[in-house]
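A.B. asks: Input: one structure, supplied below.
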Amino acid sequence: MENRPQWGTRAGFILAAIGSAVGLGNIWRFPAVAYENGGGAFFIPYLFALLTAGIPLLIMEFTIGHKYRGSSPLSLARMNKKWEWLGWWQVAVSFVISTYYAGIIAWSGSYAFFSFGEKWGKDPEGFFFGNYLKLAETPGDIGGIVPGVFWPMVLVWGVTFFVLLKGVKKGIEVASKIMIPTLIVLFLIIVIRALTLDGAAQGLDAFFKPNWDTIADPKVWVAAYGQIFFSLSIGFAIMITYSSYLPEKTDLTNSAFITGFANSGFELLAGIGVFAALGFMANQANVPVSEVVAGGVGLAFVVFPRIISEFPAFNGFFGFAFFTCLVLAGLTSLISIVETYVAGVQEKFNISRTKAVLVGGGLSALLSILIATRGGLYFLDAADYFINQFGVALAGLVEVIAVVWVMKELKNLQNHTNEISDVSVGTWWRFSLGIITPVVLGYMMVQNLVTNIKENYEGYPTSFLLYSGWGVAVAAIIIGIVLAAIKWDKDITIS
Ligand code: PHE
Ligand code: NA
């Protein structure tokens, strides 16, 4: 396409890529994963995963988008018509994630305001599941819309639409330039405050204390690769889409290194901040840090409110700042996933960006109402787990195998990035993508399949998991195949 949108500056592109990468995974997933998988010792597998999978894949995705100048489906179709479906599969996975990601951002938004006056009172757990989410008794039970979640969600979608309608340069780039620096400043304030609380040192001790016994355990290595994969937003179609908006002469390899290290830097910062705060909480309650460690929804909406209530001063401000960080980290990621299907649909049917945003985003916004019901949390939990294991990670695995071994494209991509980048990629890159990544991800996939067939995730009923877990993951593949079977608009050049 002649008038493809373009980033205004390379810094703008990098900020948008960092915006996508830095998300809830950095703040509430990384600290707990690192702690559970060897603490200080986890940094070895983690760094190894970053250098042998994270950054190499990021370079590969940047190069694909840049070389083929299209959304993930268009780029893959241009690479080889037979693999277009893989691009649509990734887009479908992103679509699913966007439906529930918006929900978590909405909760965080509510909690930013609940922080003033500590609306959760003495029982944050009861407040979150009962008063706020009004969670249904049984998984699968929908039980009506919860207005307290629904309206903030409308607002989240409103902002997302606003940014996406403005386009790549005036929308996504500008939003990233505002949100990412704000996020970093606010987060630094919180981390510094956390580090000066009583008990912070115990928290850091618990976080960094290396447990060397774990290092030989394959589980730990799988956890490291899983974290890197999810955290860098690879296998989602996002990075291919974003790099397709780059001008012709751009240092791709360097951009990937900056994005990768910035994301890991933010993760480390979050680990320090979260564990300093957990140390403070353990100290207040006079229990060991190990007893208060949490991750995910529980960390953000149960443990953190507790910590904030115990703050010596300015509780409202620090609570507001923390939840605003979640909102900012989440919004930039949400924008990036929605952009994958906006771009895909726009190109496939040759429609205007506005139409693509309204139709694609509109459909996702509509479906996300499910998350604002009394059964929303169960759907979110099951869909999130399954779409990550058998969507993101599996599509990523298929992507490397297809590009390296089936289409044998690695050499072409290598030449492409080396021509325009300062640092050349060579043996390390090809070995990482050709051997290490497929082997580790393949092993991870088999393990995951076996575990999930043997026992039901979270002990949920099988029937519930069949449609909200397995069903969602399989549906994404089917949607991918169906969309690939539709003809491209006659004005789009595939080869
Ligand atoms: N990379 C994000 C994180 O670490 C995850 C993500 C990005 C999820 C984009 C969805 C969409 O949290
Ligand atoms: Na991340």
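Using the three backbone atoms N, Cα and C, a Cβ is placed for every residue, glycine included.
Note that the structure is a prediction, hence the values are computed from the model and not measured.
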A.B. asks: From the ranges 12-31, 292-311, grab the one TrEMBL calls transmembrane segment.
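C.D. replies: That would be 12-31, the stretch labelled transmembrane segment in TrEMBL.
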A.B. asks: Any chance you could find the range in 12-31, 180-201, 386-407, 466-486 with the most Cβ pairs under 8 Å to the transmembrane segment (257-282)?
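C.D. replies: Most contacts with the transmembrane segment (257-282): 180-201.
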A.B. asks: So, taking each listed stretch (12-31, 43-64, 180-201, 317-344, 466-486) in turn and counting its Cβ pairs to the transmembrane segment (386-407) that are under 8 angstroms, which one gives the highest count?
C.D. replies: 466-486
A.B. asks: May I ask you to check whether the transmembrane segment (85-107) and the transmembrane segment (149-168) make contact, with contact taken as at least three Cβ pairs under 8 Å and only pairs 6 or more apart in sequence counted?
C.D. replies: yes
A.B. asks: I'd like to know if the transmembrane segment (149-168) touches the transmembrane segment (356-380) in this structure, counting it as a touch only when three or more C-beta pairs sit under 8 Å and are separated by 6 or more positions.
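C.D. replies: Judged by the Cβ rule, the two regions touch, with the required three close pairs present.
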A.B. asks: Would you mind listing the long-range same-chain contacts of the transmembrane segment (317-344), meaning Cβ under 8 Å and 6+ residues beyond its ends?
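C.D. replies: Residues 16, 19-24, 26-28, 70-74, 87-88, 90-91, 94-95, 97-98, 101-102, 104-105, 108-109, 111-116, 118, 156, 159-160, 163-164, 172, 175-176, 179-180, 182-183, 186-187, 189-190, 193, 233, 236-238, 241-242, 244, 300, 304-305, 308, 311, 353, 356-357, 360-361, 364 contact the transmembrane segment (317-344) from elsewhere in the chain.
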